[in-house]
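Listed in TrEMBL:
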type: BINDING; residues: H138, T139, K290, N299, R308; note: substrate binding site
type: BINDING; residues: H182, H227, H282; note: divalent metal cation binding site
Amino acid sequence: MIPSPVLAVTSGEPAGVGPELTLQLALDERLPGRVVAVGDPRLLSERAALLDLDVTLIELQPGEPVPEARSGVLPVWPVALRAPCRPGELAVANAGYVLETLDVAIEACLGGRADAMVTAPLHKGVILDAGHAGFRGHTEYLRDACGVDEVVMMLATDSALHAGEPDWRGSAALRVALATTHLPLRQVADAITEASLERILRIVNADLTRWFGLVTPRIAVCGLNPHAGEGGHLGHEEIEVIEPCLERLRQEGMALDGPLPADTLFTPRHLAGIDAVLAMYHDQGLPVLKYAGFGRAANITLGLPIVRTSVDHGTALDLAGRGIADTGSLRVATALAAEMANRGSAATTP
Ligand SMILES: NC(=O)C1=CN([C@@H]2O[C@H](COP(=O)(O)OP(=O)(O)OC[C@H]3O[C@@H](n4cnc5c(N)ncnc54)[C@H](O)[C@@H]3O)[C@@H](O)[C@H]2O)C=CC1
Ligand SMILES: NCC(=O)COP(=O)(O)O
């Protein structure tokens, strides 16, 4: 157990809601750890003034310890904006700034100066417009920066975040992992292979144990096609790819259901006793998750050597600088990051 884990919170796209949500987090009376923002102190102080948020920023020098959490005080690891920024107005010039905030947090986690990182939303389009070809999102960026071959995006509603059996009865507790992430739909079927599914299921299975304390997690796997292929009449991926992979992993003792038709899998009766759902693609799983708990859910990158959680929403440029964006998801993501950091340290403590 870490008495007060250091949680590096990247403040995200500067034109979005990330900076104000980070500032509002610092006003929490009961922070789950020592939050340190990663971002431009001038941007943060301008946004605080605009929204009349009474937050004192403390710029930390390299190597300086992160002080104990105090409501209204926000320590900052400074990264300089590349260009002036107005809420709601994206600037290509600031894409490098956003990526640098990630690099600072990742290095701190890998180097042991932070126990977890929590990310406010970035804007994928502006990073691509700036010429960072191939950028897909935090998830893939973290995979490459941490030097691992595969990671898995999983979102969970707040009632499914804590160790133990989630309560599916009438509650919206849901964990949804994705077999593919930020990919055009046209490319999804080709990206799902026996080998990729096997890697993903191994990560989901292992990390549900590691981070959520589920000894033999029961994972329900969606089919790719309508009605899970209708016995081969509506697609062959279930028969040729998904079933053989699941069968092999079942032989090893994994508790896998499926492939199941996604439309009926996401109903309370079918979810009973299921610890997580593996959806085949982004918009098969995430609309259901967001219907169940938008603003009360967190995004977790499974398969990393570090702890990373994030919000369940994007940059919300339409709300930026107005002080009306919901802070719920960032709070949930921060609490979960602290819990995971503690669980990870407990697992490594002799
Ligand atoms: N973790 C991350 O970095 C994520 C980043 N994104 C990125 O965000 C950008 C914008 O994506 P959109 O699809 O427009 O999704 P979005 O989540 O930014 O906005 C969708 C709708 O939800 C509302 N919304 C979002 N966050 C809210 C909050 N905290 N409180 C109240 N309402 C909120 C917005 O006002 C909008 O009406 C894209 O570049 C996308 O890739 C999207 C999801 C996650
Ligand atoms: N829809 C979830 C999402 O886009 C989050 O992506 P990432 O930036 O956390 O990889």
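Residue positions begin at 1 at the first shown residue.
Every residue gets a Cβ built from N, Cα and C, even glycine.
The structure, with features from TrEMBL marked on it.
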residue	record	Cβ within 10 Å
H138	substrate binding site	24
T139	substrate binding site	23
H182	divalent metal cation binding site	13
H227	divalent metal cation binding site	16
H282	divalent metal cation binding site	17
K290	substrate binding site	17
N299	substrate binding site	24
R308	substrate binding site	27
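Candidates H138, T139, K290 (binding-site residues) were compared with H282 (divalent metal cation binding site); none lies inside 10 Å Cα-Cα. Proximity to ligand 2 (Cβ under 6 Å from any of its atoms) holds for these binding-site residues out of H138, T139, H227, K290, N299, R308: H138, T139, N299.
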